[in-house]
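Asks: The structure under discussion is supplied below as structure tokens; questions concerning it will follow.
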Amino acid sequence: MKAIIFFIGCLMLIDLVAGSRSGYPVTQKGCVYSCFWGSNWWCNAECTALGGSSGYCAWPSCWCYSLPDNRNIWGSYPNNCGKK
């Protein structure tokens, strides 16, 4: 049992050190990429185009895995969507 807990702890530490950033990517205007149920293929294509490993539609927005540090994600800076 201790070995399993140690193994899970190591996996969590590896994820923390590797710094994989996952989240809702935002456009240049600060808006999230909108999607609808069943458009996982579109979100996956958008996420990989942004440098992520993959993505899916977490309605109403695309969720991306392993985004590079130069991509902004929702919540990492003030929301400016729809503002001039």
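Using N, Cα and C of the backbone, Cβ positions are placed for all residues, glycine too.
Among the features that Swiss-Prot reports, signal peptide is placed at 1-19. Marked as domain 'LCN-type CS-alpha/beta' by Swiss-Prot: 21-82. According to Swiss-Prot, the feature disulfide bond maps to C31-C81, C35-C57, C43-C62, C47-C64. If you look up Swiss-Prot, you'll see C81 marked as cysteine amide.
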Asks: Write down the Cα-Cα distance for C62 (disulfide bond) and C81 (disulfide bond), rounded and given in Å.
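Replies: Spelling it out, the Cα of C81 (disulfide bond) and the Cα of C62 (disulfide bond) are 16 Å apart.
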Asks: Quick one: of the disulfide-bonded residues C31, C43, C64, which has its CA closest to the CA of C57 (disulfide bond)?
Replies: C43
Asks: In three-state terms from DSSP, label C64 (disulfide bond) for me.
Replies: strand
Asks: Can you tell me which of the disulfide-bonded residues C43, C47, C62, C64 is spatially closest to C31 (disulfide bond)? Compare CA atoms only.
Replies: C62
Asks: By a 10 A CB contact count over all chains shown, which of the disulfide-bonded residues listed here is most packed: C57, C62?
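Replies: Selected residue: C62.
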Asks: Have a look at the disulfide-bonded residues (C31, C35, C47, C64) and report the one with the fewest Cβ neighbours inside 10 Å.
Replies: C31
